[in-house]
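Below you'll find the structure, written out as structure tokens, and then a few comments.
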Amino acid sequence: MKGSAFAIILGLVVLCACSFAEDEQDQFASPNELLRSMFLESRHELIPEVEGRYCQKWMWTCDSERKCCEGYVCELWCKYNLG
């Protein structure tokens, strides 16, 4: 009884995983399309500053050249300053 229940559950898990993998392949035909969609979706996160440069918002990596936007603090990536 335990063996058949395990086999049924395992079969359902494999079926769901295969179905999910097919959906992901249909959504992006190539790695370039994936990168392009990531860039286009995140483009609105960049906000122009007065100096003509762009500041980084939350979850963008930051360093001495890529500054965080006002109200954010750089801790490997930009985080909202709570205090």
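Including glycine, each Cβ sits where the backbone N, Cα and C put it.
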Record Swiss-Prot, residue C55, disulfide partner from C62, C69: C69
Whichever of C18, C62 is disulfide-bonded to C74 when Swiss-Prot is consulted: C62
Recorded disulfide counterpart of C68 (Swiss-Prot; options C18, C78): C78
Entry from the recorded positions list C55, C68, C74, C78, L82 having the most other CB atoms no farther than 10 A: C78
When distances run from the Cα of C74 (disulfide bond) to each of the recorded positions C55, C68, L82, the nearest one: C68
DSSP-derived structure type at C55 (disulfide bond), helix or strand or else coil: strand
Entries of C55, C62, L82 which, being recorded positions, have CA atoms within 10 angstroms of C68 (disulfide bond): C55, C62
